[in-house]
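Below is one structure, written out as structure tokens, with a few remarks after it.
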């Protein structure tokens, strides 16, 4: 698919949707940004607020509230709409309500004649990415969930903070569900190219126990933020904007998005967070890491949980 207008539609103007819009404008990613919400006044108000800062943006951008007809010639439709996760809830607790919302939204988008790429940020994202694909009838590669992009940035940030190293020099992934069953891939985590398990032998700032604690901290990061401020949105806003950038610029970059497995990691028939090459066509291919036996077992458990939920909402 060739990117033509750099037009992006964001559906859902809550905290996440507006954070994504704000991030895209500040990074100069789009030429036209359309906001859609069930509350038209909210969408119009957010568009006006964003427009007030356009003179300070990198590029002049058309920002407006719209409707589903605007999806027809959009390059990307980002969906963030849904019920928010509340304190004490897991992301999977949201599934039934948000699956109905997702089906309704995707149906209306496709009725417009949309022929671009979907980016899904609504939770539980792996399940709702599957629902979006199933409803749209598009090829799986054109439905991209945010997956574990946010978890991965949290992972790198926490490890970098512990080691007092720039996060950009830390490489590693969280894979599987964006949620409680996610898996830290320590077997492929490196610091400046050096495997983490080799690195900690000579580094007294971190030990094996710290690695386990760090994984748990990353897994529970959203709960901590929700307890303190009721919602998470800046991190996922920037993470989603990064995916949009990769698509619009045809980057061929590897990001841990929620992608459809066709036998990779011994799994199929499910969307989940795995390192994937992202370009203007969505997911070009999945990078299959040779993870260790423990990580594979945890990944299989994560995928199994997702499949159970998918079966329950069919």
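Backbone N, Cα and C atoms are what each Cβ position is placed from, and that goes for glycine too.
DSSP classifies residue 178 (active site, proton acceptor) as coil under the three-state reduction. Sequence annotations record features per position, and here Swiss-Prot assigns active site, proton acceptor to 178.
Around the Cβ of residue 82 (NAD(+) binding site), the number of neighbouring Cβ atoms within 10 Å comes to 25. The secondary structure of residue 82 (NAD(+) binding site), as reduced to three states from DSSP, is coil rather than helix or strand. Under the heading NAD(+) binding site, Swiss-Prot lists 16, 37, 42, 68, 82, 83, 104, 121, 122, 123, 146.
Here Swiss-Prot flags 85, 91, 123, 124, 125, 126, 151, 152, 153, 154, 232 as substrate binding site. In the three-state DSSP classification, residue 232 (substrate binding site) falls within coil. For residue 232 (substrate binding site), the count of additional Cβ atoms within 10 Å of its Cβ stands at 21 [all protein chains shown].
Here Swiss-Prot flags 156, 171 as beta-D-fructose 1,6-bisphosphate binding site. The Cβ of residue 156 (beta-D-fructose 1,6-bisphosphate binding site) has 22 neighbouring Cβ atoms from other residues within 10 Å, across all protein chains displayed.
Secondary structure at residue 223 (phosphotyrosine), taken from DSSP and collapsed to helix, strand or coil, is helix. Among the features that Swiss-Prot reports, phosphotyrosine is placed at 223.
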The one of 85, 104, 122, 123 whose CB sees the fewest other CB atoms within 10 Å, among these binding-site residues: 104
Long-range Cβ environment of residue 151 (substrate binding site), under 8 Å and at least 6 residues apart: 174, 178, 182, 218, 219, 221, 256, 273
When distances run from the Cα of residue 156 (beta-D-fructose 1,6-bisphosphate binding site) to each of the recorded positions 16, 104, 223, the nearest one: 223
DSSP three-state assignment (helix, strand or coil) for residue 122 (NAD(+) binding site): coil
